[in-house]
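S.K.: What follows is a single structure, and I will ask about it in a moment.
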Amino acid sequence: MFDFNDSMVSNAIIKVVGVGGGGGNAVQHMCEEVSDVEFFALNTDGQALSKSKVQNILQIGTNLTKGLGAGANPEIGKRAATEDRAKIEQLLEGADMVFITAGMGGGTGTGGAPVVAEVAKEMGILTVAVVTKPFPFEGPRRMKAAEQGIDELTKHVDSIITVPNEKLLSVLGKGASLIDAFNAANDVLGNAVKGVSELITKPGLINVDFADVRAVMTNMGLAMMGMGEASGENRAREAAEAAISSPLLEDINLDGAKGVIVNITAGMDMSIGEFEEVGEVIRSFISDEAIVIAGTVIDPDMSDSMKVTVVVTGIEKVAMKRGFGVEKTSSLQQSASSFSNKTSAPFLRKETEVVTGASNAPKTDSDDVNKSDIPSFLRRR
């Protein structure tokens, strides 16, 4: 069954804060690609901030570092952010949702990002972190610092999406330049922020608004964001599969996932059958008890293609890494059979009039849900 909820359209204020050098670079990259959100770069390094093209900048810990960086010391980054908690609070004032992005493993981002998150949560803001883990060539010491920083950050956010840079090497190949590798990392961070923020800010025929995002991301822990695009006769299924594959994001286990937001973008030719087909793919990999919220956006420029954005929250890390070489055909047959024999997860649909402007943010409540056995999460080749 679908729940139909009429809603008015209003603004939800979204702020994206890049902490440290990696976070600042990512935000600078994003501000050229993502609209309808406010961007901020926060750093101890005054020289790095002076070169930033981000409109809003904040230098922290000037009494501590004298305008220099944190020297790859997370403790310095933490103390610098703590020194300027009041300024950070002022920066976050008025936000409904905050994305915190950082390259973990260094000093300012690793130590400062958890402080920013803590302040945001204390202010009652929906707080989501999107961070990278170091490349293997950056060494075990940096990786250890990153892991410790991520553990600390996780304590203070509603949801966290982690991007291991090592995955980029397998996708890009060893012949890729260093610049290409870091640009690719920025692309992944940007797509994660864009994928979630556009769910809120871009009006749709069937609308996903801030209240939906809040219900699925509040106090949910580990999250995954995936985007897939396909064209042709099987575009709905193929785009949905690509979205949940997410080869660049952290290996995760969808068993017991508590919430899913699905956004489907296509042209005027999108059918209700395609809408349901995307739902089949998504529901076949999650618990019957998970909250599934779906929305659509009609883009007249997409004549033959379809894009599916999926945000999955309340998931668990995989103890051992899974390969991507799973045969997809057999998994689809199993999924189709499984789906036809079980009750669909709650599939909540928001219907709104298509207008320009941001989406509505009425309050909705979501109950805690229990984990249950479901088909294993299968990766595409």
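Numbering starts at 1 and runs along the chain as it is shown here.
Using N, Cα and C of the backbone, Cβ positions are placed for all residues, glycine too.
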S.K.: Out of N183, N186, N191, N207, which does Swiss-Prot tie to the same GTP site as G21, G22, G23, G24, N25, G107, T108, G109, E138, R142?
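M.R.: Within the candidate list, Swiss-Prot flags N186.
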S.K.: According to Swiss-Prot, which of these ranges is region 'Disordered': 63-91, 353-381?
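M.R.: That would be 353-381, the stretch labelled region 'Disordered' in Swiss-Prot.
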S.K.: Just to confirm: which same-chain residues, 6+ apart in sequence, have a Cβ under 8 Å from the Cβ of N25 (GTP binding site)?
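M.R.: Non-local contacts for N25 (GTP binding site): G18, G103, F182, N186.
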S.K.: Measure from the Cβ of N186 (GTP binding site) and count the other Cβ atoms within 10 Å, all protein chains considered.
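M.R.: A count of 20.
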S.K.: What span in Å does the GTP site cover, taken as the longest CA to CA distance among G21, G22, G23, G24, N25, G107, T108, G109, E138, R142, N186?
M.R.: 19
S.K.: With every protein chain in view, what's the tally of Cβ atoms within 10 Å of the Cβ of T108 (GTP binding site), excluding that atom itself?
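M.R.: Result for T108 (GTP binding site): 34 other Cβ atoms within 10 Å.
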S.K.: Which of G21, G23 (the binding-site residues) has the most other Cβ atoms within 10 Å?
M.R.: G23
